[in-house]
Amino acid sequence: MSSPKPVRRITAPQITKKKGGEPIVSLTSYHAHTAAIVDRYADFILVGDSLGMVMHGMESTVGVSLDLMIMHGKAVVRGTSRALVVVDMPFGTYEESPSEAFRNAARVMKETQCGAVKLEGGTRMAETIRFLTERGVPVMAHIGLTPQSVHVMGGFKTQGRQESDWDQHFEDARAVTEAGAFAVVLEGMVEPLAAQVTKEIPIPTIGIGASAECDGQILVLEDMLGLNPTPPKFVKVYGDLGGQIEAAVKAYADDVKDRSFPGEGQVYR
Ligand SMILES: Nc1nc(=O)c2c([nH]1)NC[C@@H]1CN(c3ccc(C(=O)N[C@@H](CCC(=O)O)C(=O)O)cc3)CN21
Ligand SMILES: CC(C)C(=O)C(=O)O
Ligand SMILES: [Mg+2]
């Protein structure tokens, strides 16, 4: 008997090759069972540090630890077989030096078996991106609105509203490309800026709040499922999971109170 052929996961270089082709599909996931569903449709799945806010009720992503990212990264890798899994490097684990970044990124890859990491920053992180890619860690970059800098920016603010800021974003996009990033997330960027960055660089741009001009799109899964009561404006809500969960929980509570649950099928006799 021959065993079934294992499905080969999509690789970072395969994502890079999608530049200019059919748009790249991506969502975040932090959880094995939801990741298994996303796995059937996404080119890559991001275990984002937004999990601190979405799963753990934090006010920003600043408090997320490497251990927490690794825990959720393991769950998502276990639940999937096809999509590339990318894990966010959390605040404070990669900025100080390339060697610190490598030590922590290698831990993430060894312990989760993910295929790549993502880190925030353009020009300022270029040296680190090169250091990691040259040593076997594929890096997705993330520029524009970088949530880990929320306390410097003074909030989650859309980028590129003033054309005088555009040069810095172009420089960031070029720097991460030259440093070897296999793709770059453009977050919270006005459409004409995202369009021009996408045109200018040879690696795919993955937009979140950055228009349909990007080479691909990503959203936070819970936002698009309707589980976040106050999603950012750029989110299109495709489901009503919040409403469905509420209806199910209410029905259960009613059943328990009138003793219709557990019923015939749910009892050991
Ligand atoms: N649930 C969730 N979804 C996300 O997309 C997300 C996170 N969490 N956490 C990390 C970052 C933070 N993000 C955010 C959060 C809020 C806005 C926001 O409120 N934006 C304003 C626009 C502000 C402006 O125009 O300057 C908005 O009204 O949508 C944007 C990005 C995106 N990321
Ligand atoms: C918003 C996406 C790109 C992200 O970095 C996250 O979910 O943490
Ligand atoms: Mg993130």
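Cβ coordinates come from backbone N, Cα and C, glycine included.
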Which of Asp67, Asp88, Asp165, Asp167 shares the Mg(2+) site with Asp49, Glu120 in TrEMBL? The record says Asp88
For Asp88 (Mg(2+) binding site), the closest of the recorded positions by C-alpha position, picking from Ser50, Lys118, Glu187, is Lys118
Mapped onto three states, the DSSP assignment of Ser50 (3-methyl-2-oxobutanoate binding site) reads coil
Expressed in angstrom and rounded to a whole number, the 3-methyl-2-oxobutanoate site built from Asp49, Ser50, Asp88, Lys118 spans a maximum Cα-Cα distance of 12
